[in-house]
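**Q** Have a look at the structure that comes next, please.
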Amino acid sequence: MKEYPSVTVIGAGLAGSEAAWQIASAGIKVTLFEMRPKKKSPAHHSSEFAELVCSNSFGALSSDRAAGLLQEELRTLKSIVINKADKHSVPAGGALAVDRSQFSLSITNELSSHPLITIIRDECPSLPKTQQITILATGPLTSELLAEDIKEFTGEKECHFFDAASPIITGESIDFSTAFRASRYDKGDADYVNCPMNEDSYIKFHSELIKAEQAKLKDFEKESAHFFEGCLPIEQLAKRGIDTMRYGPLKPIGLWDPRWGDVNDKNIRRLKRAHAVVQLRQEDKAGQLWNLVGFQTNLKWGEQKRIFRMIPGLSKAEFIRFGVMHRNTYLESPKLIEPTLQFINRKTLFAAGQLTGTEGYAAAIAGGWLAGTNAALLAKGLDTITLPSSTMIGALTNFVSNSQASLRVKNKKNFQPMPANFGLLPELDNRVHNKRERYKEYRDRALGQIKKLRETLLDKSSYPTTI
């Protein structure tokens with residue numbers, strides 16, 4: 001068996017775990033660095049790989065939705081992380097959500113038992129000084145020492161935003177004389193717990209929320225604190241206006257408790273419908289833990305307990321984990337990396353995951369898949385690949401490696417993180433006016449391209465045929 005150069009992967013989050021698996025599956029030795037548990041981050045709670053620090057949801061499951069298409073592309077390309085997400089999924093309506101503990105543990109066990117993967121549980125304080133093939137997948141919580149070394153290597157000031165996580169409570173502490181099980185518009189099973197608010201309880205809740213005491217930021221964080229729009233703390237959302245939450249995570253539309261009466265009776269519907277609804281999503285297979293959907297927060301823990309217990313049905317809520325906020329670092333990638341995820345000024349160094357400025361779990365996995373695949377090809381002396389911009393993976397990669405496209409999409413002077421969305425894809429050859437039909441056409445085109453790519457990689461023998 002031919003001996004190929006080994007590859008180093010720094011960081012065992014979603015991107016790093018995926019990258020390490022793809023490389024090892026191609027028959028190449030991998031050294032995987034993970035600083036936890038020796039050095040902890042502000043947001044992680046365990047030492048397991050691919051830990052989900054915010055929501056336990058990967059987004060919409062249907063492949064005619066942007067997040068769902070990205071997941072389906074990864075399934076087609078034999079992603080180990082999406083495979084484990086599917087195996088450890090929990091009921092979440094039309095979304096892919098996972099039991100985060102079982103999910104992370106299964107990935108840790110899979111990588112730890114692979115004969116070609118050597119795991120080093122220590123901080124990697126600097127980039128390799130040689131031309132060793134390396135993937136930088138340290139994520140948004142990159143350690144200070146390594147972040148400084150990256151800054152020196154790139155010559156660019158790092159970018160950042162603030163992200164937050166939602167609280168988790170026990171299911172047995174929910175009062176179901178008020179709360180009820182349902183999915184919006186009764187689609188699928190009744191996977192969510194819903195806590196309805198009337199106008200009076202909503203106004204009181206809003207009033208307390210906007211004046212609640214927040215956890216203090218460090219001085220250097222205060223100077224440039226800004227939030228990612230897709231994950232605003234609930235208190236920041238509330239401060240935008242009395243009804244902002246009702247048109248966001250607390251929207252009541254499509255949610256009805258059968259105990260209120262006949263939903264088809266207009267008079268009953270007018271009298272009984274909720275003014276706002278707080279939803280809870282299942283955290284674990286057993287249904288013992290539930291997270292408050294959209295309740296990312298930076299409130300002090302005592303304030304979280306006091307104010308969130310004002311929600312009808314949660315007056316005796318038992319908190320297993322409080323919401324926290326943390327600083328997320330990312331690169332100004334369009335100035336630094338190519339569509340292959342190689343650095344422009346060092347072809348043996350790759351970047352992957354949220355560090356590159358993609359947003360969302362599946363997008364991080366996609367970056368890990370591409371960086372891992374290309375690192376394996378490079379180690380074998382083969383040409384690296386780029387993905388068509390008509391695929392969601394290719395579109396996201398194009399976004400983080402093409403400055404003009406990035407600035408045009410966001411219409412801002414500064415590069416900002418981007419989640420999967422159909423606005424990144426090129427127009428169809430034939431214009432389709434119906435939005436849902438257009439999204440299906442995008443899906444069919446993308447998956448057709450991904451299947452062709454898979455066959456190409458199989459021909460190169462640089463691709464896992466099984467998981």
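Keep in mind that glycine also has a Cβ here, set from the backbone N, Cα and C atoms.
When I checked Swiss-Prot for this same protein, it listed these features:
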| type | residues | note |
| --- | --- | --- |
| BINDING | Gly11, Ala12, Gly13, Leu14, Ala15, Gly16 | FAD binding site |
**Q** How many other Cβ atoms are found within 10 Å of the Cβ atom of Gly11 (FAD binding site), counting all protein chains shown?
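**A** 29, counting other Cβ atoms within 10 Å of Gly11 (FAD binding site).
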**Q** Other residues with Cβ within 8 Å of the Cβ centroid of Gly11, Ala12, Gly13, Leu14, Ala15, Gly16 at the FAD site?
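**A** Nearby residues not in the site list: Val9, Ser17, Glu18, Ala19, Phe49, Ala50, Ala137, Thr138, Gly139, Ala352, Gly353, Ala364, Gly368.
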**Q** Who sits close to Ala12 (FAD binding site): which same-chain residues at least 6 apart have their Cβ under 8 Å from its Cβ?
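**A** In sequence order, Ala20, Leu32, Phe33, Glu34, Phe49, Ala50, Leu111, Ile119 meet the Cβ cut-off.
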**Q** Go through Leu14, Ala15, the listed binding-site residues, and name the one with the sparsest Cβ surroundings, counting other Cβ atoms within 10 Å.
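**A** Across Leu14, Ala15, these binding-site residues, the one with fewest Cβ atoms within 10 Å is Leu14.
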